[in-house]
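Below is one structure, written out as C-alpha coordinates; comments come after it.
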Amino acid sequence: MSDARQTALAIDALRRGWPVALTGADGALALLPIETADPVRLAAFDPAGSAAVLLSAGRALTLKLANQLAAAVPDSPVLVERAPWLDFAAATALADPQLDLQTPLKGPFRAIPLAETDAGAAALRLARIGGVLPAFFVLPGGRADLTLSVGDIGAHEDAERLAIATRARLPVHGAEDAEIVAFRTPEMPGEHIALLIGAPNGRPPLVRLHSECLTGDVLGSLKCDCGPQLDAAIAAIQASGWGILLYLRQEGRGIGLINKLRAYALQDQGFDTVDANTRLGFAVDSRNFRVAARMLMLLAQPRVRLLTNNPEKVAQLAAAGIDVVERVPHFLPANPHNERYLATKRDRTGHQL
Ligand SMILES: Nc1nc2c(ncn2[C@@H]2O[C@H](COP(=O)(O)OP(=O)(O)OP(=O)(O)O)[C@@H](O)[C@H]2O)c(=O)[nH]1
Ligand SMILES: [Zn+2]
(Lines of atoms letter the chains of each structure in order from A and count residues from 1; the text may use other names and numbers.)
(Lines give C-alpha, C1' and ligand atoms only; values in the text may rest on other atoms or scores of the structure.)
(Ligands and ions follow the chains in the order given, each with its own letter.)
Protein backbone atom coordinates (compact mmCIF):
# COMPACT_ATOMS: atom_id res chain seq x y z
CA MET A 1 0.00 0.00 0.00
CA SER A 2 1.49 3.32 -0.96
CA ASP A 3 1.01 6.22 1.39
CA ALA A 4 1.10 9.60 -0.34
CA ARG A 5 1.31 11.37 3.03
CA GLN A 6 4.85 10.06 3.53
CA THR A 7 5.95 12.03 0.47
CA ALA A 8 4.55 15.29 1.84
CA LEU A 9 6.45 14.66 5.07
CA ALA A 10 9.61 13.80 3.11
CA ILE A 11 9.38 17.01 1.06
CA ASP A 12 9.08 18.97 4.29
CA ALA A 13 12.12 17.13 5.67
CA LEU A 14 14.20 17.83 2.54
CA ARG A 15 13.46 21.52 2.74
CA ARG A 16 14.53 21.57 6.38
CA GLY A 17 17.73 19.60 5.77
CA TRP A 18 16.57 16.49 7.61
CA PRO A 19 17.41 12.95 6.51
CA VAL A 20 14.86 10.57 4.98
CA ALA A 21 15.06 6.91 4.04
CA LEU A 22 13.72 5.73 0.71
CA THR A 23 12.96 2.09 -0.18
CA GLY A 24 12.94 0.94 -3.78
CA ALA A 25 12.71 -2.35 -5.64
CA ASP A 26 16.45 -3.03 -5.35
CA GLY A 27 17.22 -1.73 -1.87
CA ALA A 28 16.95 1.26 0.44
CA LEU A 29 18.99 4.43 0.87
CA ALA A 30 19.25 6.95 3.70
CA LEU A 31 19.48 10.44 2.20
CA LEU A 32 20.64 13.82 3.49
CA PRO A 33 19.88 16.70 1.09
CA ILE A 34 23.07 18.68 0.49
CA GLU A 35 21.44 22.02 -0.32
CA THR A 36 19.60 22.35 2.98
CA ALA A 37 21.88 20.43 5.38
CA ASP A 38 25.03 21.69 7.11
CA PRO A 39 28.27 20.16 8.46
CA VAL A 40 26.74 19.42 11.89
CA ARG A 41 23.85 17.52 10.36
CA LEU A 42 26.25 15.67 8.10
CA ALA A 43 28.31 14.57 11.12
CA ALA A 44 25.14 13.33 12.84
CA PHE A 45 23.95 11.55 9.70
CA ASP A 46 27.28 9.99 8.88
CA PRO A 47 29.55 9.73 11.97
CA ALA A 48 31.91 7.33 10.19
CA GLY A 49 32.46 9.69 7.24
CA SER A 50 31.57 7.01 4.73
CA ALA A 51 28.49 8.45 2.99
CA ALA A 52 28.77 8.73 -0.78
CA VAL A 53 27.22 11.55 -2.80
CA LEU A 54 24.23 10.92 -5.06
CA LEU A 55 23.97 13.17 -8.11
CA SER A 56 22.13 13.08 -11.41
CA ALA A 57 23.93 11.90 -14.53
CA GLY A 58 23.49 15.34 -16.08
CA ARG A 59 25.35 16.95 -13.22
CA ALA A 60 27.99 14.20 -13.27
CA LEU A 61 28.53 14.80 -16.99
CA THR A 62 29.18 18.45 -16.28
CA LEU A 63 31.69 17.43 -13.62
CA LYS A 64 33.47 15.15 -16.12
CA LEU A 65 32.45 12.04 -14.22
CA ALA A 66 30.68 10.72 -17.28
CA ASN A 67 33.40 8.27 -18.31
CA GLN A 68 32.22 5.82 -15.67
CA LEU A 69 28.55 6.10 -16.50
CA ALA A 70 26.58 3.43 -18.29
CA ALA A 71 23.52 5.53 -19.00
CA ALA A 72 23.78 9.22 -19.76
CA VAL A 73 20.09 9.99 -19.21
CA PRO A 74 20.39 13.41 -17.53
CA ASP A 75 18.11 12.68 -14.59
CA SER A 76 19.30 9.12 -13.84
CA PRO A 77 21.20 8.63 -10.55
CA VAL A 78 24.98 8.46 -10.18
CA LEU A 79 27.02 7.79 -7.05
CA VAL A 80 30.25 9.65 -6.28
CA GLU A 81 32.68 7.81 -4.03
CA ARG A 82 33.47 9.38 -0.69
CA ALA A 83 37.04 10.67 -0.53
CA PRO A 84 38.73 12.39 2.43
CA TRP A 85 38.52 15.73 0.62
CA LEU A 86 34.80 15.31 -0.08
CA ASP A 87 33.69 17.36 2.94
CA PHE A 88 30.49 19.39 3.21
CA ALA A 89 31.91 22.35 1.29
CA ALA A 90 33.14 20.12 -1.52
CA ALA A 91 29.75 18.37 -1.65
CA THR A 92 28.03 21.75 -1.94
CA ALA A 93 30.25 22.54 -4.90
CA LEU A 94 29.27 19.19 -6.45
CA ALA A 95 25.59 19.93 -5.85
CA ASP A 96 25.39 23.53 -7.04
CA PRO A 97 26.55 24.39 -10.56
CA GLN A 98 26.30 28.13 -10.04
CA LEU A 99 29.85 28.28 -8.72
CA ASP A 100 31.39 26.01 -11.36
CA LEU A 101 33.02 28.82 -13.29
CA GLN A 102 34.35 30.65 -10.21
CA THR A 103 35.51 27.87 -7.91
CA PRO A 104 37.79 25.22 -9.30
CA LEU A 105 36.53 21.87 -8.05
CA LYS A 106 38.64 19.87 -5.61
CA GLY A 107 39.08 16.22 -6.38
CA PRO A 108 39.65 13.82 -7.96
CA PHE A 109 36.17 12.37 -7.71
CA ARG A 110 35.12 8.96 -8.95
CA ALA A 111 31.71 7.63 -9.95
CA ILE A 112 30.96 4.19 -8.52
CA PRO A 113 28.13 1.74 -9.25
CA LEU A 114 24.83 2.34 -7.50
CA ALA A 115 23.06 -0.86 -6.49
CA GLU A 116 19.85 0.85 -5.36
CA THR A 117 18.98 2.48 -8.70
CA ASP A 118 15.24 2.56 -8.00
CA ALA A 119 15.63 4.45 -4.72
CA GLY A 120 18.35 6.66 -6.27
CA ALA A 121 16.12 7.70 -9.17
CA ALA A 122 13.22 8.32 -6.78
CA ALA A 123 15.47 10.49 -4.59
CA LEU A 124 16.23 12.75 -7.56
CA ARG A 125 12.52 12.89 -8.35
CA LEU A 126 11.74 13.80 -4.74
CA ALA A 127 14.29 16.64 -4.88
CA ARG A 128 12.61 18.00 -8.00
CA ILE A 129 9.15 17.84 -6.42
CA GLY A 130 10.52 19.54 -3.29
CA GLY A 131 12.28 22.23 -5.33
CA VAL A 132 15.77 21.51 -3.93
CA LEU A 133 18.98 20.66 -5.77
CA PRO A 134 19.08 16.98 -6.77
CA ALA A 135 22.12 16.02 -4.66
CA PHE A 136 22.33 13.98 -1.45
CA PHE A 137 24.73 12.34 0.93
CA VAL A 138 23.67 8.69 0.92
CA LEU A 139 24.17 5.62 3.08
CA PRO A 140 22.93 2.19 2.06
CA GLY A 141 20.36 0.44 4.22
CA GLY A 142 17.82 3.19 4.65
CA ARG A 143 17.80 4.06 8.35
CA ALA A 144 16.21 7.42 9.23
CA ASP A 145 13.35 8.71 11.38
CA LEU A 146 11.22 9.22 8.28
CA THR A 147 10.89 6.42 5.75
CA LEU A 148 8.99 6.27 2.50
CA SER A 149 8.81 4.01 -0.53
CA VAL A 150 9.15 4.76 -4.22
CA GLY A 151 5.43 3.99 -4.62
CA ASP A 152 4.55 6.72 -2.11
CA ILE A 153 6.00 9.30 -4.52
CA GLY A 154 3.87 7.95 -7.37
CA ALA A 155 0.75 8.30 -5.23
CA HIS A 156 1.72 11.87 -4.36
CA GLU A 157 1.88 12.81 -8.05
CA ASP A 158 -1.16 10.80 -9.15
CA ALA A 159 -3.18 13.01 -11.52
CA GLU A 160 -6.16 10.69 -11.17
CA ARG A 161 -6.65 12.01 -7.62
CA LEU A 162 -7.39 15.48 -9.03
CA ALA A 163 -10.96 16.69 -8.41
CA ILE A 164 -12.92 19.90 -8.91
CA ALA A 165 -12.91 21.89 -5.66
CA THR A 166 -15.00 24.90 -6.64
CA ARG A 167 -16.08 27.13 -9.53
CA ALA A 168 -17.22 30.74 -9.93
CA ARG A 169 -17.80 33.43 -12.54
CA LEU A 170 -14.64 35.40 -13.26
CA PRO A 171 -14.72 38.17 -15.84
CA VAL A 172 -11.13 38.78 -16.97
CA HIS A 173 -9.44 41.33 -19.17
CA GLY A 174 -10.14 40.18 -22.71
CA ALA A 175 -12.90 37.71 -21.78
CA GLU A 176 -15.73 39.02 -19.65
CA ASP A 177 -17.84 35.90 -20.05
CA ALA A 178 -15.56 33.50 -18.18
CA GLU A 179 -15.79 30.99 -15.36
CA ILE A 180 -12.93 29.79 -13.18
CA VAL A 181 -12.77 26.16 -12.04
CA ALA A 182 -10.26 25.14 -9.36
CA PHE A 183 -8.83 21.63 -9.03
CA ARG A 184 -6.75 19.99 -6.38
CA THR A 185 -5.51 16.67 -5.10
CA PRO A 186 -5.26 15.86 -1.40
CA GLU A 187 -1.47 15.77 -1.77
CA MET A 188 -0.08 18.41 -4.09
CA PRO A 189 -0.04 21.94 -2.70
CA GLY A 190 -0.49 23.75 -6.05
CA GLU A 191 -4.08 24.19 -7.20
CA HIS A 192 -4.58 23.93 -10.96
CA ILE A 193 -7.05 26.27 -12.61
CA ALA A 194 -9.26 26.15 -15.68
CA LEU A 195 -10.70 29.31 -17.18
CA LEU A 196 -13.75 28.49 -19.28
CA ILE A 197 -14.34 31.23 -21.82
CA GLY A 198 -17.54 31.70 -23.85
CA ALA A 199 -20.31 29.15 -24.28
CA PRO A 200 -20.06 25.62 -25.71
CA ASN A 201 -21.18 25.66 -29.35
CA GLY A 202 -20.95 22.03 -30.35
CA ARG A 203 -17.38 22.31 -31.67
CA PRO A 204 -14.36 21.00 -29.73
CA PRO A 205 -13.09 23.84 -27.51
CA LEU A 206 -9.90 25.75 -28.30
CA VAL A 207 -7.67 24.74 -25.38
CA ARG A 208 -4.42 26.23 -24.11
CA LEU A 209 -2.17 24.42 -21.60
CA HIS A 210 -0.26 27.19 -19.87
CA SER A 211 2.53 26.20 -17.47
CA GLU A 212 3.00 28.56 -14.54
CA CYS A 213 5.76 31.15 -14.98
CA LEU A 214 5.78 33.62 -12.11
CA THR A 215 8.42 35.78 -13.73
CA GLY A 216 6.62 35.99 -17.07
CA ASP A 217 2.98 35.84 -15.99
CA VAL A 218 3.19 38.26 -13.05
CA LEU A 219 6.35 40.33 -13.38
CA GLY A 220 6.32 40.77 -17.14
CA SER A 221 9.70 39.08 -17.66
CA LEU A 222 11.08 39.53 -21.16
CA LYS A 223 13.31 36.44 -20.88
CA CYS A 224 10.51 34.14 -22.07
CA ASP A 225 7.28 34.42 -24.03
CA CYS A 226 4.89 33.26 -21.28
CA GLY A 227 3.23 36.58 -20.41
CA PRO A 228 2.31 37.51 -24.00
CA GLN A 229 1.34 33.88 -24.71
CA LEU A 230 -1.06 33.94 -21.75
CA ASP A 231 -2.77 37.14 -22.89
CA ALA A 232 -2.86 36.01 -26.52
CA ALA A 233 -4.33 32.63 -25.52
CA ILE A 234 -7.24 34.32 -23.72
CA ALA A 235 -7.79 36.58 -26.74
CA ALA A 236 -7.64 33.65 -29.20
CA ILE A 237 -10.06 31.55 -27.16
CA GLN A 238 -12.45 34.49 -26.84
CA ALA A 239 -12.24 35.11 -30.59
CA SER A 240 -12.87 31.42 -31.36
CA GLY A 241 -16.24 31.50 -29.59
CA TRP A 242 -15.44 29.14 -26.76
CA GLY A 243 -12.58 27.32 -25.14
CA ILE A 244 -10.56 26.59 -22.03
CA LEU A 245 -7.31 27.93 -20.59
CA LEU A 246 -5.67 25.44 -18.24
CA TYR A 247 -3.27 27.16 -15.86
CA LEU A 248 -0.97 24.37 -14.68
CA ARG A 249 1.24 24.73 -11.61
CA GLN A 250 4.34 23.49 -13.40
CA GLU A 251 6.66 26.40 -12.72
CA GLY A 252 9.97 26.16 -14.54
CA ARG A 253 8.91 23.18 -16.68
CA GLY A 254 8.32 21.31 -13.43
CA ILE A 255 11.49 22.11 -11.45
CA GLY A 256 9.95 24.91 -9.38
CA LEU A 257 10.66 28.61 -9.09
CA ILE A 258 13.93 28.47 -7.16
CA ASN A 259 15.51 25.93 -9.46
CA LYS A 260 14.27 27.86 -12.51
CA LEU A 261 15.95 30.98 -11.16
CA ARG A 262 19.14 28.94 -10.69
CA ALA A 263 18.79 28.01 -14.36
CA TYR A 264 18.47 31.72 -15.14
CA ALA A 265 21.69 32.39 -13.21
CA LEU A 266 23.40 29.79 -15.40
CA GLN A 267 21.91 31.48 -18.46
CA ASP A 268 23.52 34.70 -17.23
CA GLN A 269 26.80 32.77 -17.52
CA GLY A 270 26.06 31.91 -21.14
CA PHE A 271 24.36 28.49 -21.02
CA ASP A 272 21.09 28.05 -22.89
CA THR A 273 17.83 26.92 -21.29
CA VAL A 274 18.49 23.24 -22.12
CA ASP A 275 22.08 23.08 -20.85
CA ALA A 276 21.18 25.06 -17.73
CA ASN A 277 18.65 22.39 -16.70
CA THR A 278 21.10 19.59 -17.43
CA ARG A 279 23.89 21.25 -15.45
CA LEU A 280 21.52 21.56 -12.49
CA GLY A 281 20.83 17.85 -12.76
CA PHE A 282 17.28 17.96 -14.07
CA ALA A 283 15.63 16.66 -17.21
CA VAL A 284 15.19 19.33 -19.86
CA ASP A 285 11.42 19.17 -19.30
CA SER A 286 9.94 17.53 -16.18
CA ARG A 287 6.34 18.35 -16.96
CA ASN A 288 3.68 15.69 -17.13
CA PHE A 289 0.55 16.69 -18.99
CA ARG A 290 -1.60 13.82 -17.64
CA VAL A 291 -2.87 16.37 -15.16
CA ALA A 292 -4.22 18.45 -18.05
CA ALA A 293 -5.91 15.40 -19.57
CA ARG A 294 -7.54 14.66 -16.23
CA MET A 295 -8.81 18.25 -15.99
CA LEU A 296 -10.31 18.07 -19.49
CA MET A 297 -12.00 14.77 -18.62
CA LEU A 298 -13.45 16.29 -15.42
CA LEU A 299 -14.76 19.15 -17.58
CA ALA A 300 -16.27 16.55 -19.96
CA GLN A 301 -14.16 17.74 -22.90
CA PRO A 302 -12.35 14.73 -24.42
CA ARG A 303 -12.02 16.38 -27.88
CA VAL A 304 -10.03 19.60 -28.23
CA ARG A 305 -8.25 21.95 -30.59
CA LEU A 306 -4.90 22.64 -28.94
CA LEU A 307 -3.13 25.98 -28.98
CA THR A 308 0.60 25.15 -28.83
CA ASN A 309 3.90 24.93 -30.66
CA ASN A 310 4.99 21.99 -28.50
CA PRO A 311 4.35 18.56 -30.09
CA GLU A 312 5.01 16.90 -26.71
CA LYS A 313 1.80 18.43 -25.33
CA VAL A 314 -0.18 16.94 -28.24
CA ALA A 315 1.48 13.54 -27.77
CA GLN A 316 0.98 13.40 -24.02
CA LEU A 317 -2.67 14.47 -24.20
CA ALA A 318 -3.32 11.86 -26.90
CA ALA A 319 -1.58 9.18 -24.80
CA ALA A 320 -3.86 10.11 -21.91
CA GLY A 321 -6.99 9.63 -24.00
CA ILE A 322 -7.71 13.16 -25.25
CA ASP A 323 -8.54 13.47 -28.94
CA VAL A 324 -6.55 16.46 -30.24
CA VAL A 325 -8.42 17.16 -33.48
CA GLU A 326 -6.20 20.10 -34.43
CA ARG A 327 -2.98 21.82 -33.34
CA VAL A 328 -3.23 25.59 -33.58
CA PRO A 329 0.17 27.41 -33.60
CA HIS A 330 0.73 29.92 -30.80
CA PHE A 331 3.69 32.03 -31.78
CA LEU A 332 4.42 35.48 -30.38
CA PRO A 333 7.05 37.86 -31.79
CA ALA A 334 10.50 37.70 -30.17
CA ASN A 335 12.12 40.53 -28.23
CA PRO A 336 15.90 41.07 -27.81
CA HIS A 337 15.84 39.28 -24.43
CA ASN A 338 14.03 36.10 -25.46
CA GLU A 339 15.33 35.67 -29.00
CA ARG A 340 17.86 33.03 -27.99
CA TYR A 341 15.35 31.24 -25.74
CA LEU A 342 12.85 30.94 -28.59
CA ALA A 343 15.60 29.78 -30.96
CA THR A 344 16.65 27.11 -28.43
CA LYS A 345 13.04 25.90 -28.12
CA ARG A 346 12.89 25.61 -31.91
CA ASP A 347 16.32 24.01 -32.38
CA ARG A 348 16.69 21.81 -29.28
CA THR A 349 13.26 21.00 -27.83
CA GLY A 350 11.29 20.44 -31.00
CA HIS A 351 8.94 23.41 -30.79
CA GLN A 352 7.32 24.02 -34.15
CA LEU A 353 7.78 27.74 -34.61
N1 LIG B 1 13.62 25.41 -16.30
C2 LIG B 1 13.28 26.47 -17.03
N3 LIG B 1 11.98 26.73 -17.22
C4 LIG B 1 11.65 27.78 -17.98
C5 LIG B 1 12.63 28.62 -18.56
N6 LIG B 1 11.98 29.61 -19.25
C7 LIG B 1 10.67 29.37 -19.09
N8 LIG B 1 10.46 28.29 -18.33
C9 LIG B 1 9.21 27.63 -17.96
O10 LIG B 1 8.73 27.00 -19.11
C11 LIG B 1 7.32 26.86 -19.06
C12 LIG B 1 6.77 27.35 -20.39
O13 LIG B 1 7.20 26.45 -21.35
P14 LIG B 1 7.66 26.81 -22.81
O15 LIG B 1 8.71 25.81 -23.19
O16 LIG B 1 7.98 28.26 -22.93
O17 LIG B 1 6.44 26.59 -23.71
P18 LIG B 1 5.64 25.27 -23.89
O19 LIG B 1 4.54 25.41 -22.89
O20 LIG B 1 6.48 24.05 -23.80
O21 LIG B 1 5.17 25.29 -25.39
P22 LIG B 1 4.08 26.17 -26.10
O23 LIG B 1 2.77 25.52 -25.82
O24 LIG B 1 4.43 26.08 -27.54
O25 LIG B 1 4.17 27.56 -25.56
C26 LIG B 1 6.89 27.65 -17.84
O27 LIG B 1 6.65 26.72 -16.77
C28 LIG B 1 8.10 28.51 -17.51
O29 LIG B 1 8.21 28.79 -16.12
C30 LIG B 1 13.99 28.31 -18.37
O31 LIG B 1 14.90 28.94 -18.86
N32 LIG B 1 14.27 27.24 -17.59
ZN1 LIG C 1 8.09 32.23 -18.79
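Positions of Cβ are set from backbone N, Cα and C atoms, glycine also.
As written in TrEMBL, here are the features:
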- 167-329: domain 'GTP cyclohydrolase II' (DOMAIN)
- R208, L209, H210, S211, E212, Q229, E251, G252, R253, T273, T308, K313: GTP binding site (BINDING)
- C213, C224, C226: Zn(2+) binding site (BINDING)
- D285: active site, proton acceptor (ACT_SITE)
- R287: active site, nucleophile (ACT_SITE)
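Feature map: annotations from TrEMBL on the structure.
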{"residue": "R208", "record": "GTP binding site", "DSSP (3 states)": "strand"}
{"residue": "C224", "record": "Zn(2+) binding site", "DSSP (3 states)": "coil"}
{"residue": "E251", "record": "GTP binding site", "DSSP (3 states)": "helix"}
{"residue": "D285", "record": "active site, proton acceptor", "DSSP (3 states)": "coil"}
{"residue": "T308", "record": "GTP binding site", "DSSP (3 states)": "coil"}
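Using a 10 Å Cα-Cα cut-off from E251 (GTP binding site), the recorded positions that qualify among C213, C224, C226, D285, R287 are C213, R287. Separation of the C-alpha atoms of T308 (GTP binding site) and C226 (Zn(2+) binding site): 12 Å, rounded to the nearest whole number. In this model, the domain 'GTP cyclohydrolase II' (167-329) carries an average pLDDT of 96. Minimal Cβ crowding within 10 Å, among the recorded positions E212, E251, D285, is found at D285. Listed in sequence order, the residues S211, T215, G216, D217, S221, K223, D225, G227, Q229 complete the 8 Å Cβ shell around the Zn(2+) site centroid, once C213, C224, C226 themselves are left out.
Across the recorded positions listed here (R208, H210, R287), the residue whose Cβ sits among the most other Cβ atoms within 10 Å is R208. Taking a Cβ distance under 6 Å to any atom of ligand 1 as the criterion, the recorded positions R208, H210, D285, R287 reduce to none. The recorded positions near ligand 2, defined by a Cβ under 6 Å from one of its atoms, do not include any of R208, H210, R253, D285, R287.
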